[in-house]
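Asks: Grabbed the feature section from TrEMBL, which reads as follows:
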- A:18-37: transmembrane segment (TRANSMEM)
- A:49-75: transmembrane segment (TRANSMEM)
- A:95-117: transmembrane segment (TRANSMEM)
- A:124-142: transmembrane segment (TRANSMEM)
- A:184-203: transmembrane segment (TRANSMEM)
- A:237-260: transmembrane segment (TRANSMEM)
- A:272-303: transmembrane segment (TRANSMEM)
- A:324-344: transmembrane segment (TRANSMEM)
Amino acid sequence: MNELIEAVPYLGKRNPRLTKWLIIILALVAPLIAAYFGRSWMRILDFALLYMMLALGLNLVVGFAGLLDLGYIAFYAVGAYTWAFLASPHFGVHMPFWIVLPLGAAFAALAGIILGFPVLRLRGDYLAIVTLGFGEIVRIFMNNLNHPVNITNGPQGINALDSLNLFGWNLSQSLTIGDFKIHYLYLYYYFFLLCVIGSIVFIKRLQISRVGRAWAAMRDDELAAKAIGINVRNMKLLAFSLGATFGGVAGGLFGSFQGFVSPESFSLMESIAVLTMVVFGGMGNIAGAIVGALALTALPEILRNIALPVQEALFGTVILDPEVLRMLLLSLAMILMMLLRPAGLVPAHARYSRPELLKGGA
Amino acid sequence: MIKLLEARGVGKRFGGLTALSDVSLTINKGEVYGLIGPNGAGKTTFFNVLTGAYIPDDGEFVFNGTELPTGKPHLVVQQGIARTFQNIRLFGQLTALENVMAGHHIRTKAGLWGILMQSKHAIEEERLTTERAFELLKYVGIERFAHTICKSLSYGDQRRLEIARALASEPQLLALDEPAAGMNATETGQLKVLIEQIRHDGITVLLIEHDVKLVMGLCDRVAVLDFGKKIAEDVPAVVQKNEAVISAYLGGPKHAH
């Protein structure tokens, strides 16, 4: 929270308390504001929260432990497909969310360890290439496991996934209290918000612990980390599997929210998109992952809504497709960022200790 | 005298190059043991083999009566051997305090569950780690920089921080790889006081050093390596007069290669 407050320009440093409340209120009323602009914006907000979870999980691997992972979306896929297998008509299994979500997380963690073992000795670009390959392998498996036995239904994907059902309360049906009707997109928003807050709390606790410091040590100097007694192998596996866990949970939520999964949702571009969020926001700090995820989910959509009318007003026709513009402006944003704020929008002030624990103070 | 560490016929080769051959030496509890030799004599290789960074080709190390594991640095630290590096290797993005706290890692136990749920034990352990790290910063005299990112510390202070970090793993044997390298006379003098304090507090010190004055003034016993072989081992005054040692450093008839 403090990191987020500091991330707010100008106001964050002057009036942290006001900023804190502003952030909380904004988080709570955001869907109401979005609803004013239309349903699609509410969906975008819901997706932004999912991307936040992904960015937080990837930030743990890349930012804290310093392991460049270009196949992170594979864990998202594992979570989503777990949901599809265990809560859809595809196999006719309909398990409740409190079984499927943890299972999805566990499978993703397992996948993280499976990826982790072969890459223990790799660093930097070599690691990036292997993780990239891993991401592609998972996607290609999903694409082709429809023959001879149909497991994943191949490129068609699996649809009609069960929606989130919190102990009899179906989140995909609008809630009616008296005359007041709450659209289901709100329900998902607040549920996802809870998940994101939970993720932040867990990751923050990890960061300020012996594990977080061991990761940071390993990232800054692996040889020295070994020399002070850190079991680098275990710490790497832990980073991969914990990072994957967040991806797995996000994947499960994605499946339930979207109601449909197919391999094309888990392409390399998605991995890169999540990594861009982490880098754009600021590697190695929680606020950075959140800001990055929010910015890079919202910007393309804003652009899509602005670019078309503006071009039509100016030239009478659409000259540049918004999709083309999106990549163009995204790369422009990255170049500008590298020039102006190389450490990301929210440069890391990540701390790995709590100085207030010192009795005498320092 | 009680033996703390015994090297038995340790050898290490890199391809055709013999970096260490049949090095045997014994370090007693409570002493400052110097390891000197010309550049390329194999001193740092000896450190790397001892601390598990390299796997020795021959021989073994016996520490406190048990054989040390090879190639597993974290288990060596667990046994009670900590080291510093010739070229300072700190954790650049951490503060001085956090560096030392990271050094305490091996002596803490909080598991994942405890950390995520902030169990009483985990919180208490975190508090103790923080306090202990601060104590160690005081011990080496840089507590005023506790919350400074370690990269912005001065060279001498970084050396001290590295020693504090090594001490955080609660070693019985502290192996210092050229701690005075690049220090001026004043800093070297302060370092000498610190090492004497460390010995006084019951930690055995193994010291690689080029600064002859420091070695002679500080060490109880000295071993001299040359081309991977131990050519002398004795109290400093005797080693100083040893002809093989003199010729190894200055070159001479007995040292014809």
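Including glycine, each Cβ sits where the backbone N, Cα and C put it.
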Asks: Does the structure show the transmembrane segment (A:184-203) and the transmembrane segment (A:95-117) touching, where I'm treating 3 or more Cβ pairs under 8 angstroms (sequence separation 6 or more) as a contact?
Replies: no
Asks: With Cβ distances under 8 Å as the criterion, find the stretch in A:18-37, A:49-75, A:124-142, A:237-260, A:324-344 that has the most pairs with the transmembrane segment (A:95-117).
Replies: A:237-260
Asks: Are there at least 3 C-beta pairs under 8 angstroms linking the transmembrane segment (A:324-344) and the transmembrane segment (A:237-260), leaving out pairs fewer than 6 apart in sequence?
Replies: no
Asks: Quick check for me: are there 3+ Cβ pairs below 8 Å between the transmembrane segment (A:49-75) and the transmembrane segment (A:272-303), leaving out pairs under 6 residues apart?
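Replies: Checked: the transmembrane segment (A:49-75) vs the transmembrane segment (A:272-303), in contact.
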Asks: Going along the chain, which residues at least six beyond the ends of the transmembrane segment (A:272-303) come within the CB cut-off of under 8 Å?
Replies: 3-4, 6-7, 40-41, 44, 47-48, 51-52, 54-56, 58-59, 62-64, 69-70, 72-73, 196, 200, 203-204, 207, 322, 325-326, 329-330, 333-334, 337, 343-350
